[in-house]
Amino acid sequence: MKTEHTLSIIKPDAVAKNVIGAIINRLETSGLMIVNAKILQLTSIQASEFYAAHQNKFFFNELINFMISGPIFIQILKGYQAIKKNREIMGATDPTVALSGTIRSDYGYNCTKNAIHGSDSKKSAIREISYFF
Ligand code: ATP
Ligand code: MG
């Protein structure tokens, strides 16, 4: 059985909407286990380092301003194929095209304010987990 760890962030829009519990419930009922967690408000430097892969994208400044706009809930999830499973439960980046029943479809607003982050590969998961924990 391929047990993995992945990094999940409930973003400022979802924290402000008071849906941390609702989102965690979806993760847990899908078989993912929270093995570490904390609430933080990122500095601009932290958000820029975390999303460094996107520094040349047109949306980078908007993304950083959003990610520092309020507290975020950062968690390590553990489970069978956790990286892929978490991405499936999250849904597509754009909530308006995310599959019905996904977290982004139900709690996201637009491409930037999309409720949740999840590591997209084993390599990203290792980097992102060690960035925050
Ligand atoms: P995340 O890395 O946050 O889990 P993702 O892997 O689905 O999201 P990425 O391509 O890695 O998507 O983009 C990182 C984040 O940048 C997105 O979650 C979103 O907040 C923002 N973003 C991505 N594409 C756009 C866009 N076209 N316009 C505005 N913001 C965007
Ligand atoms: Mg990504």
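Glycine is no exception: its Cβ is also placed from the backbone N, Cα and C atoms.
Note that TrEMBL annotation is computational and uncurated.
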Query raised in the report: In TrEMBL, the residues Phe59, Arg87, Thr93, Arg104, Asn114 are said to bind ATP. Which of Lys11, Lys17 is said to bind at that same site?
Result: Lys11
Report summary line: Lys11 (ATP binding site) falls, by DSSP collapsed to helix, strand or coil, into coil
Report summary line: Taking only the CA atoms, the spacing between Phe59 (ATP binding site) and His117 (active site, pros-phosphohistidine intermediate), expressed in whole angstrom, is 16
Report task. Count the Cβ atoms, other than its own, that fall within 10 Å of the Cβ of Arg87 (ATP binding site), considering every protein chain shown. Result -> 17
Report summary line: Neighbouring CB atoms within 10 angstroms of the CB of Phe59 (ATP binding site), all protein chains considered, total 12
